[in-house]
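Notes for the one structure printed next.
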């Protein structure tokens, strides 16, 4: 799972409160008669669901967008497609596959029969079995990996669709959902090539069956699909050219992939209702994660699911899927970059004051006379995490951030390219300059406080998750004097911009003191609209 999602998840699980759901039911969209049968059984057992059957995933996505249905569980590739502007659906609940600890990810693997005598780089000309067009383990990850490794030659969508390149690469395939009339070789091994369970070789079990039946030479599935397969008959292809046992998926996978998730429209009340009804269903419908009674596998939810995990309110596909997966997606939608970048750098400015400074910078940076193509373009962000998300989505290019945020940004695939330096003399040195500063705890001179007597006092912090204002002091306190993980109980009152606004961690925050008319919702905001945000704000 994407680490930013994990961090947000901890906040979401501790801070979520639910309003009572509306009396109406959740309309679940299903892609096959077998799935519809399971849904009808869920409806009978709970009374909270109604069932709509469509022929494939895209029809379900469109039905949810149109308000004809409310929810469906999708894999990562479909989560990405469902999130695009023409659909705008959001992941709200993740499947968890962990036996002893939480694990909302799985591994994409390439499975072959033992003794078949070829490596991952020698797949050209082989017959391939895929879970479905655009699906994670069966298409996006293996095809994206083949492209990024230079094994599958493709000049990009400007020249041809990726399906055309794949149909030339493999001698024959089963890719459920491919256009049979345009790419007949991609459907050659299938029965009808439908992207639903009416195609026997659809999804994980279907793709593996395609290999077992001798139709294909390689099956692209997830590691959980083959854990119970005969280890004497099958093995994994590794990217380094080797082969390994089925149990060695940790060191022989194509990628670690975010698990399947329930998606719906951007509606908090609807999301709460779906979560609450599914939570209730676990006690009234024991087959929620079982499919054998309905004539199929992985119906509505994957059979390997152990529980469901609620995502925070602000979750979207980019945060859920994470940087590694998005890199694979972008490899399949690649465009050749120009040799000399001419577009302006899109700088993400956090808060109103930063935006004002950025706008001034942008004007001053315009030296060519063609200011429509200036060197800097300013993008507004409500917080550093908002800017991280914007950079992931390519809505912005850069932002300056505290070291605490650099850690989170790194987990999301961002990298530091420049650092501030506060020592002018170091800039004149021939050796590389390294910027650093000291984190300190400041009190008034007449205060009797010591580090050991801080419990119960009032505290001022630069912001939640920031280095000098939160990570360093709270880390030291946790090691030495704090026993309770609820930090709000240690200080009597605090201002920690970015914390839960209803907690004591925000009780000392002042918001925007310039607002004199109407309400001020900026209190405890993680930007300069909070008067006590940042270094100067904490000291103030």
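Cβ atoms here come from the backbone N, Cα and C positions, even for glycine.
Taken from TrEMBL, the feature signal peptide applies to 1-19.
Within the model, the domain 'Transferrin-like' (26-334) shows a mean pLDDT value of 93, rounded to a whole number. TrEMBL lists 26-334 (among others) with the feature domain 'Transferrin-like'.
On its own chain, residue 29 (disulfide bond) has 52, 53, 54, 60, 63, 64, 69, 70, 71, 72 as residues at least 6 apart in sequence with a Cβ closer than 8 Å to its own Cβ. Positions annotated as disulfide bond by TrEMBL: 29-60 (among others).
Within 10 Å of the Cβ of residue 51 (disulfide bond) there are 21 other Cβ atoms, across all protein chains. The disulfide bond feature in TrEMBL is assigned to 39-51 (among others).
Among the features that TrEMBL reports, disulfide bond is placed at 129-210 (among others). According to DSSP, residue 210 (disulfide bond) sits within a helical segment. Within its own chain, residue 210 (disulfide bond) has 129, 174, 189, 201, 216, 219 as residues 6 or more apart in sequence whose C-beta sits under 8 angstroms from its own.
In the three-state DSSP scheme, residue 174 (disulfide bond) is classed as strand. As annotated by TrEMBL, disulfide bond applies to 174-190 (among others).
The disulfide bond annotation in TrEMBL covers 187-193 (among others). Look at residue 187 (disulfide bond): DSSP puts it in a helix. Cβ environment of residue 187 (disulfide bond): 173, 174, 175, 178, 180, 193 lie under 8 Å away, each six or more residues apart in the same chain.
According to DSSP, residue 238 (disulfide bond) sits in a coil region rather than a helix or strand. Feature annotation from TrEMBL assigns disulfide bond to 238-252 (among others).
According to TrEMBL, the feature domain 'Transferrin-like' maps to 345-540 (among others).
Mapped onto three states, the DSSP output places residue 348 (disulfide bond) in strand. Cβ neighbours of residue 348 (disulfide bond) (same chain, under 8 Å, six or more residues apart in sequence): 379, 380, 381, 386, 387, 390, 391, 396, 397, 398, 399. Residues annotated as disulfide bond in TrEMBL: 348-387 (among others).
The secondary structure of residue 358 (disulfide bond), as reduced to three states from DSSP, is helical. Residues or ranges marked as disulfide bond in TrEMBL: 358-378 (among others).
Annotation source TrEMBL lists disulfide bond at 495-509 (among others). In sequence order, 495, 496, 497, 523, 524, 530, 531, 532 are the residues of the chain that are 6 or more apart from residue 509 (disulfide bond) and have a CB within less than 8 Å of its CB.
In this structure, residue 506 (disulfide bond) is part of a helix by DSSP. For 506-524 (among others), the entry in TrEMBL reads disulfide bond.
The feature Fe(3+) 2 binding site is assigned by TrEMBL to 535. Within the same chain, residues at least 6 positions away in sequence whose Cβ sits under 8 Å from that of residue 535 (Fe(3+) 2 binding site) are 462, 468, 469.
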Candidate nearest residue 358 (disulfide bond) in space, where candidates are the disulfide-bonded residues 39, 190, 238, 252, 506 and distance is Cα-Cα: 506
Nearest of the disulfide-bonded residues (39, 252, 378) to residue 506 (disulfide bond) - Cα to Cα: 378
Cα-Cα distance linking residue 238 (disulfide bond) and residue 190 (disulfide bond), given in Å to the nearest integer: 26
Long-range Cβ environment of residue 39 (disulfide bond), under 8 Å and at least 6 residues apart: 28, 30, 49, 51, 300
Fewest-neighbour residue among disulfide-bonded residues, criterion Cβ within 10 Å, set 190, 193, 358, 387, 524: 358
Number of other Cβ atoms within 10 Å of the Cβ of residue 60 (disulfide bond) across all protein chains: 27
Cβ packing number for residue 506 (disulfide bond), 10 Å threshold: 23
The one of 378, 495 whose CB sees the fewest other CB atoms within 10 Å, among these disulfide-bonded residues: 378
